[in-house]
Amino acid sequence: MILLVLILILFGAALLSWVAGVKSHAASRWIALCSLLVNLGIIAGVWIEHSHSSSSRWWYQFRMDWVPHFGISLHLAMDGLSMLMLALTFFLGALAVLISWKEIQTRVGFFHFNLLFVLCGITGVFLTMDLFLFYFFWEMMLIPMYFLIGIWGHEHREYAANKFFLFTQAGGLLMLLAILGLYFIHKANTNVYTFNYFDLLNTPMTPFMERWLMLGFLIAFLVKLPAVPFHTWLPDAHTEAPTAGSVVLAGLLLKTGAYGILRFVLPLFPAAAAEIAPVAMLLGVIGILYGGMLAYAQTDLKRLIAYTSVSHMGFVLLGAFAFNEIAYQGVVMQMITHGISTGALFIIAGALYERIHTRNLRQMGGLWLRLPMMGSAAMIFVMASLGLPGLGNFVAEFLVLLGSWQANHVLTILATIGLVVATAYSLRIMQKVFFGPCDRQYAVPDLNGRELVIIIALVIVICWLGFHPQPVLNTSQNIDYVVR
Amino acid sequence: MIGTAFYIAALIAVLSTVMVITRYNIMHALLYLVVSLLAVAVVLYLYGAPFMATLEVIVYAGAIMVLLIFFVMMLNLGKESAAQEKLWLKPRIWIFPSLLCIILLGELVFLVLQNRQPVSGVQVVNPKEVGIALFGPYILAVELTGMLLMAGIVGAYHLGRQKEKTLHRFLENNQS
Amino acid sequence: MIVHPTTAGMLLAGVLFVLGLISILVRRDIIFMLLSVEIMLNAAGLAFVVASSHWGTADGQVMFIFILAMAAAEVSVGLALILQLYHQLKTLDSDEAAKMNG
Amino acid sequence: MFPALIPLIPFIGAFLLMLGWKRFDRIGVTVIGCGSIALAAIVAIIIAMQFATNGEQAIVQHAGNWLEAGGFKTGFDFRMDALSVVFVLVITIVGFLIHVYASGYMHDEPDYARFFACMNLFVGAMLTLVMADNLLLLYFGWEGVGLCSYLLIGFWYKDPANGYAARKAFIVTRVGDTAMAIALFMLFQYTGTLSIPGLLENSTHIWSANDGVITIIALLLLGGAVGKSAQLPLQTWLPDAMAGPTPVSALIHAATMVTAGVYLIARTHTLFELAPAAQTTTAVIGAITLVLAGFSALVQTDIKRVLAYSTVSQIGYMFLALGCGAWSAAVFHFVTHAFFKALLFMAAGAIIVALHHEQDMFKMGGLKKQLRSVYWVFLIGCASLAAIPFVTAGFYSKDQIIWLSWSAAGGHVGFWLAALLGALLTGMYTFRMFFLVFYGEEKTKVHHRPGGSMMIPLYVLAVLSTVAGFIELPHTMGHVTLFSNWLQPVLPAVSMLHESLAMEWTSQALSALLALGGIGLAYAWVVKHPKGMSDFLEMPAIMWLRGYWSRGWDFDELYNVLLVRPFVYLSRINKRDLIDTLYTGLAAFMEWCHNVLARTQSGLLRWYILGVVLGAVAILSVLIWRIYI
């Protein structure tokens, strides 16, 4: 029941903040913030309650028939992985509301409606155990996100929004086909119509069929992840989205792809997934190196950060198909830390844009003089992004690489070289933005109180994950990974 | 069992139709069309459909053509219109469509000539049978036709009326 | 040579139809186009009657009547439209009425 | 006392300085900055005493779990054994002296707090590195010092050249780190642990000597060490790193961080002993580096670059020693080198400040009278670097290496010759620098003399550079083995190939003679016959050679052509993302199709009819074709 409450709170708050936004902008913002904080509180409670008992894998289950005739049910369940993802969702969601406090001044109510609706969809994706419902939530994330980019974005927002929508929608349709295929094959083999994840888990099917259905799921998730060569929607969408949109995109939406691979592709089609593992790992490595190289070349700050996402999510793909527990733990870690660090970088880029009204690296430089606090924060997250030990990303990347080494030596070596590339592009951010000569005399204020709160929260989390990742690792340990 | 009458009527029909499509002056074309229709009425008669022949003469040659003639007279299209037609009808324009149509004709002819049935006489279908069929199995179609005619009347009235408003509102919107 | 009457009638209908088609293709004057449509309708009607006599049934003739009615309605509405067009564009050139190009 | 306190105190200092950069005034920053290091030094000394009285038992503290996943487990384990104690003491004591010096050197710097925050952070990371009980924690310190090195080289961030040097340092060392990371993966795969004692223990069971896997692992570790310690082929970053403030060069790029590679190899010596090929590679790299860097140092004009190349060269000696199996000799040279190189850098810094940030030696000269105190400490430093016999620490440590490079089990006469050549070069470039700076005519006016906070550390180090040598004397001169005895529990004694007193005498005499000869040559070159020499130096071939050497044997250019430019070029041309072009191309193709099809929508009635006719013709054709033909 608590799972349904999580979704309903967001849904209700979304409607409420829209209505309230007509009268008062502040009310809309507060409603959004409070709903997310309440959810965050609930999740924190759940986590504390379950942090010691590792008795059962599924902490909560909720099941209600929806369309029993077709075997569709309202089936929600939470395990460690869902819980971690939800914690990240609500944390970043709250920050997204905070960061748009001053940035968004038009159609405030509708903005928060969309934001909460996206988060609602993401929550659903992380919780649902019914494939039909999963597809429903999967599509539900898209449309408000489309509006977020298309209405409150930067100058090329419509192009970016359309591109985002087309790519993810195309992937989603493939997934729908695969879901229906699985549904009918299950019916043919067992004479039961069901969309239930647990029932579908051990559907007997021919290797040929399994391969194609797996591809349908995998491509949808690869588009979302995004893996090369399906990544090209990402830089545009990230660049053009408002800061909150970028944070939600990078921090959460990409994670649904990774989550999908861990939750659906691997358990549903273990044999086919094992078969395609080398290819998938190769795609991950290509993503790491290619994304890094593209990031290095960019002159638009947000675009640069967007490409670093491609690079970082390559590690997720690499680890997910390494089929051993260390790598899986690393993948879960990477999902969380990438959400935090890249989200933080987008927040910094947004704050910078608010101040100097440009994202062009060529027009920046020497800003440390004016913005030492922002510079320090940027330094921390840049270091996180290049994998400095002591910050969360290092733990994640190290575990992924350590795990994938057991699976494939050559690809792991290439991925490790990606760390050098990461250094190159990460340091470029610092050099171009905060160091170097100061051509333009920007007279801009440093971080204000609200931004400081956001940044400090993020810094604390990333350091906590870097020095004491054990709670997260313990929680994600509880999952039945497919280990070869 | 077709005879000379058919050939003559057919020849007149084809010739006058050719004249219709080659005239520059609309009035001439219309009159040739009346001739063509009358010739077709003869053919209809020869094919055992006297009632249809009558209708052809009355409705087609009589009513519809006369309507057209009056309409053309009302528009008062004069010599410049004919000159315009002459200008438009250049070989460069008509040669390709005509070729295409002749190919089509060839195909039609080929298909028609596939008829390998033994030669028999023309069967007469008298108007009574037509009437029974019309108000028997085709009653619904007849009513629909009535509605079509009704719609034609209303439409013609609506479109053709010219009060203070000279433009139809859709056209007006398009223009603005 | 003995020609089957149906064949002959059908050939005549085909020729008339194609002539109308040629006309509608090469003409730009919209009244001529309406005229050509009449030729083609008439040819089609002729074909129905020929078929009717071939089978010895009334259906073809019934169709002819419907075509006739349809032609009447078409001409009346068509003429009204031409009238509007003429007032609108001050010409009968059908190519002028090409606002719906893509 | 907890060993974890030693790195923790500087970290706390750094943390305080970061948070309170606005609130503390200059004195507060100095107190926290220097005080934290002093405190760490005191704690280190106490723990070292504790350890000394304890006997051979290493003090290990488990300060907490770090991460544990799927059979992989590491914690924040700090270890104090003989080797760590040596490094910790050197780092804290020299670090403290340099901090004190920096408080004078950086006195007019507006970003004073940031400087000390980074310095403290560095000391903390460095201490973590040398005290780590598992390789992951060592890696943590390893990357941490890299970060601080980056931050401090680029400390004066307004000059893009500094930023470039900083990034170069970080990226080049990161290349080595990558190799090291892979070594960690392999070690975990085979030994199932990253705990240093554990994996060293396991390694002897798993591998026999000369096993292929262990050789690869050792070579990868060597790659990491080479990156950090600026050895061939990753030495290029160190000379550029001199863009940082001088105390940084003294602390990071001379005394401590660059010797992390030496520490790593010494720490994992068991692995290298199992892989003689890797060990020989280490020695070869050391020998080549020390000679190449010596030649480069000979022709530099920037005083700090001379010292930088000399650092590379001296670390080459350490690697040579490691490669020959003379573990304690390498560590001994590290200690003396830390003292005299820090001394030299700081003295050079004093000169640079005195001449108002002039670093070109050819614009200095005749400073002997002006800066008499600096002259003396600089002389002591130079003497120690050039290994003048009997009175300097450098003599004892370097001579040991030279002798062992031939006589030790892993030694070779080629190494010995390279080391001797290095000794000659060292004498030459050191005293060329010395004479250029202090003799000859005065070219630049002295602005102000260094104050007490800068001079006192210099005096202390000058004393240390002299007396530190006496803790380890060769067979031929008293045979004191305090230092190697101390390290005995951790680092095995060197196994000798030749053990002949006469040979040792010869070697020592030869190296001393060569060092003195080098000094003599320098004297002749710079002071006695500057005219004659300059004629010789102006010869085209010599000019070319000088340029080639001074550019560091064009390694920079090589890497630029091979790696940097292709990467930058590829990323530049691909800025718009080729794959995206695929998709935009698809979209453009669709749009083109749309345009083509839209053109058929001409609005011309006859056009549409033509379409109908065409369709009819086509359908009938198909019909006829299918039925009748």
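Including glycine, each Cβ sits where the backbone N, Cα and C put it.
As given in TrEMBL:
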type     : residues  : note
TRANSMEM : A:29-48   : transmembrane segment
TRANSMEM : A:83-101  : transmembrane segment
TRANSMEM : A:108-127 : transmembrane segment
DOMAIN   : A:129-417 : domain 'NADH:quinone oxidoreductase/Mrp antiporter transmembrane'
TRANSMEM : A:133-152 : transmembrane segment
TRANSMEM : A:164-185 : transmembrane segment
TRANSMEM : A:212-234 : transmembrane segment
TRANSMEM : A:246-270 : transmembrane segment
TRANSMEM : A:276-297 : transmembrane segment
TRANSMEM : A:304-323 : transmembrane segment
TRANSMEM : A:374-395 : transmembrane segment
TRANSMEM : A:407-427 : transmembrane segment
TRANSMEM : A:447-467 : transmembrane segment
What parts of the chain pack near the transmembrane segment (A:29-48), using Cβ distances under 8 Å and only residues at least 6 beyond its ends?
2, 5-6, 9-10, 12-13, 16-17, 20, 59-60, 78, 83, 86-87, 90-91, 93-94, 97-98, 101, 108, 112, 115-116, 119, 123, 471, 475
Remote residues contacting the transmembrane segment (A:304-323) - C-beta distance under 8 A, at least 6 residues beyond either end:
222, 225-228, 231, 234-235, 237-239, 246, 250, 254, 257-258, 261-262, 266, 273-274, 276-278, 280-281, 283-292, 294-295, 298, 330-331, 334-335, 338, 342, 345-346, 349, 361, 385, 393, 396-397, 399-401, 403-404, 406-408, 411-412, 415, 418, 421-422, 425-426, 428-429, 482-484
Below 8 Å between Cβ atoms, which of the listed ranges A:108-127, A:133-152, A:276-297, A:374-395 makes the most pairs with the transmembrane segment (A:407-427)?
A:276-297
Checking distant contacts: for the transmembrane segment (A:83-101), what same-chain residues at least six beyond its ends satisfy Cβ-Cβ under 8 A?
6, 29, 32-33, 36-37, 39-40, 43-44, 46-47, 50, 59, 111-112, 115-116, 119, 122-123, 126-127, 242-244, 247-248, 251-252, 255, 259, 332, 335-336, 339-340, 343, 347, 350-351, 450-451, 453-454, 457-458, 461, 472, 475-476
Contact ranking winner - A:108-127, A:164-185, A:212-234, A:374-395, A:447-467 against the transmembrane segment (A:133-152), Cβ under 8 Å:
A:108-127
Same-chain Cβ contacts of the transmembrane segment (A:276-297) under 8 Å, 6 or more residues past its ends?
211, 214-215, 218, 222, 227-228, 231, 235, 304-305, 307-323, 404, 407-408, 411, 414-415, 417-418, 421-422, 424-425, 428
Who are the long-range neighbours of the transmembrane segment (A:108-127) in its own chain, taking Cβ under 8 Å and residues 6 or more past its ends?
3, 6-7, 10-11, 13-15, 17-22, 25, 28-29, 31-32, 35-36, 39, 76-78, 82, 85-86, 89-90, 93, 96-97, 100, 133-134, 136-138, 140-142, 144-145, 147-148, 151-152, 244, 248, 252-253, 256, 259-260
Should anything in the same chain at least six residues away from the transmembrane segment (A:447-467) have a Cβ under 8 Å from its Cβ atoms, list it; otherwise answer none.
91, 95, 98-99, 101-102, 333, 336-337, 340-341, 343-344, 347-348, 351, 371, 373-374, 377, 380-381, 384, 389-395
